[in-house]
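Notes follow once the structure below has been shown.
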Amino acid sequence: MKRIMLFLVTNLAVMLVLGVVLNILFSVLGINKSSISGLLVFCAVFGFGGSFISLLMSKWMAKRSYGVQVIEQPRNETEHWLVSTVARQAREAGIKMPEVGIYDSPEMNAFATGARRDDSLVAVSSGLLYSMSRDEAEAVLAHEVSHVANGDMVTLTLIQGVVNTFVMFFARIVAGVISNFFSSNNDEESSSTGGFAYMITVFVLEMLFGVLASIIVMWFSRQREFRADAGAAKLAGRDKMIAALQRLSRGAEPQLEGSMMAFGINGKRSMSELFMSHPPIEQRIAALRG
């Protein structure tokens, strides 16, 4: 329930902010809202705006959605090891020390998030800390630090923004063509019905184009995972990273959602690899082994 409320409130706030930004842009640039240029600006504002606002709020959302307890002062040996390990890896990767946190979950997983390389969060599940060896956990942390060092959060946000923009744009263009084709007259009843049909068509096309576009986003995500694995192998050692992946392959399916899933150590399985945010573990191990 808490996650649902956060989702609804956040999306409402995003819509309000983007609506204000859109009106300002139309006024300043003098763009006709009903023109193709106006439609493209509308789609770009909501396509990129939603992605970037989500990125800016990602740390805040992650902490509240998953109940991440940021370690301000280590209280035990495990927390001390966790903080010191991330600090060492961040130094070697050339980034500022991320915030480090733990969230309560029996699954073995971790994620990184944050709007900038020097303003990030690395969070691990309690299940990972208690189920993995120190060497395996070190490799997982190195994987997340590599995501931060590689700037993966911003990269995928840009890709998602481009995809969102064109999904919205082409859905409305195609819906307009279909609506014009089937409209027979311009009386009030037809206009009202046509407007409703247009909105339904836009919704259906956005769903369809969104599914197709997600293939592109997921492909980029899988490439970033291979790169993060390679970075982890440099920071923690190839054998440790392979051992961590082998341990993950024997664990339960992860429960992270949305952008947290994209930057977790392990992703959900899918009927098709095209829609997976992470490559199959056997492929990741094979890539590390060369």
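Glycine is treated like the rest: Cβ placed from N, Cα and C.
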Key: Record-annotated Zn(2+) site (Swiss-Prot): member among GLU72, GLU225, GLU273 besides HIS143, HIS147   = GLU225
Request  = Provide the number of Cβ atoms within 10 Å of the Cβ of HIS147 (Zn(2+) binding site), excluding the reference atom itself.
outcome  = 31
Task = Enter the number of other CB atoms within 10 angstroms of the CB of GLU225 (Zn(2+) binding site).
result = 27
Key: Other parts of the chain folded back onto the transmembrane segment (200-220), taken as Cβ under 8 Å at six or more residues beyond its ends   = 155-156, 159-160, 163, 166-168, 170-172, 174-175, 178-179, 274-277
Ask   = Per DSSP, GLU225 (Zn(2+) binding site) is which: helix, strand or coil?
value = helix
